[in-house]
Amino acid sequence: MGLAAAATTHKLMILGKPPKFSIKNPHNLFGKTLVFCSPNSPTHFNSLLCLRVNSVHSKSPSIRTHHPIQELLLLLVFSLTLLCFRLLSNALLPDFPLHWQRFIAFSRKAEAQTKSYPKHLWQAIVAYEDRRFFRHFGIDPVGIGRAVLSFSARGGGSTITQQLVKNTFLKNERTFSRKILEMVLALVLERTMSKQRILSSYVCKIYWGHGINGIESASKFYFGKHPSLLSLAESAMLTGLIPAPELRSPFRDHTRFQMARPSKPEF
């Protein structure tokens, strides 16, 4: 420190003004300024030593805030998703993707096979099994509401699409998770294929009694003819077998078989 600086400092101390030293280093790689204040500086609350470091180029780091409520909600959603996935997977048959691919191929073949079937056969099946089949989207809210309000022990409310899904992809366990999965798959199936293809797959796959699956085998077994030759009465009788084919079989109740046969003309 030179004589002039020493004299200035001495004068300030005599006048009661605390000296202030500032050291600026132009060669400082960090671009910082160091300022030293005296112990009597009023701007710093009489601190013994204040060191202020100002950085021109540095930025204050971002502060990460934690939201425990959001983290708890995410954890809860993840846990519920895993739980639902496990419950629903228990209702599916093993190798579900393979079953799905086989069913898609089967549905194309069934639609081509049933093109020659009479119109009254389709009308009888839809009228008896699912009257709103061509109007709903795989699930019938009206049917479900009616089944819930009636407290039917036999169930009810299932559409043709749901019955097809149940007989193709799901296990026979009567659980709530299986019913939910049945509805979900019915919605997916309705958006995968047309109504006519679903209906064709349904009649070609369901059980008709006496170890027979598919309407073509059922028609030949009960009437000895191809389904394209079925009459209105015969179509109605086959449709009536769907809910309980073994109990409603014409071989158990011969009156049903006689009613299905056309009467001979009288001369």
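Every residue, even glycine, has its Cβ placed from backbone N, Cα and C.
On a predicted model such as this, the values are computed, not experimentally measured, just so you know.
Residues or ranges marked as domain 'Glycosyl transferase family 51' in TrEMBL: 111-258. As a whole-number mean, the pLDDT of the domain 'Glycosyl transferase family 51' (111-258) in this prediction is 88.
The feature transmembrane segment is assigned by TrEMBL to 72-93.
Across the range of the domain 'Glycosyl transferase family 51' (111-258), the DSSP-based residue counts are 86 helix, 6 strand, 56 coil.
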